[in-house]
Amino acid sequence: MSYNTFGHIFRVTTWGESHGPALGATVDGCPPGVAIEAEAIQHWLDRRKPGQNRFTTQRQEPDAVRILSGTFEGRSTGTPIQLMIENTDQRSKDYGEIARSFRPGHADIAYHWKYGLRDYRGGGRSSARETAARVAAGGVARAALAALVPGLRIEGYMVQIGPHAIDRARFDADEIERNPFWCPDPDTAALWADYLDGLRKAHDSVGAIVEVRASGVPAGLGAPIYGKLDSDLAAAMMTINAVKGVEIGEGMAAACLTGSANADEIRMGPEGPEFLTNHAGGILGGISTGQDVVVRFAVKPTSSILTPRRSVTTDGREVEVVTKGRHDPCVGIRAVPVGEAMMACVLLDHLLLDRGQTGGLRGTIG
């Protein structure tokens, strides 16, 4: 199985399976001299780890990260950084009944068709457990961004679960860390809690939409045509488990706007040009404008549910499948820190690409 690596200069390779002894990431291309501590990476992993509330899987994993290489005296050396996270709470017996049947909505049947075999224990590489490695790599990227672009900030939050979207008029960034949904609207967070409780009792699950916003992004990241920043961001978010759609800025809603409404007008401010709106999501022509970079992605409902679903076995028999084990009623909740990590990795990668191509030179206006 190839294609376990992403990035151009800042390159991340993830490895390991959901029920294997460990998983992790090999990070190559981090500039030397960046302050990197396991405790700082652990902070980001703790936001993603399972079992923290009744709305996520009850699998109890500490997700304790170990840095095996690539640092010396707390700083990156420029060599590959190896990050490892041990699995400690696997229950492979929960998956014995699906060893020869395919779970509807899962990658099981696609993996079987392509490779002729699959790791049925939690889905192996297709499990969302793989995203812990991405969050660890994102911690390295955040550390490098903090050193290279002080003031750059990345924040993710939920904007919709099922049919229930936040009211943006009540958007309060301070609320994001105060509830289990990373929700900036406290009224909607309370509604989501009741809604998910009902779904759990009905042995069902639901999808969600996550928004990730990066502020303080310098203008000039990305390149025309095949090196677009938004192209790489969309690709990065689409690699996250269960993601089925990605939007940049206004996204699909831009199709409903007129040109006069969608085009972000510009005026001269005290420090140069200023945009009056941000329908473009901080990217024009594939290149960052200095505005907030805004990405949204849609996560499908968790496929592992206790409701019986029709399927087939490896020998062609029709069966009903009930997926036992511990699963998220809404996998979108824990996708928030993953989206943040992917944003960090892509922004750092493009920052390094830009420095290599232009040396940081910029055109001037005024």
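Backbone N, Cα and C atoms are what each Cβ position is placed from, and that goes for glycine too.
Keep in mind that this is a model prediction, so the values were computed, not measured.
According to Swiss-Prot, the features are:
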- R48, R54: NADP(+) binding site (BINDING)
- R125, S126, S127, N241, A242, G285, K300, P301, T302, S303, S304, R326: FMN binding site (BINDING)
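Looking only at the binding-site residues R48, R54, R125, K300, the densest Cβ neighbourhood within 10 Å occurs at R48. Across the structure, R48 (NADP(+) binding site) and S127 (FMN binding site) are spaced 14 Å apart at their Cα atoms.
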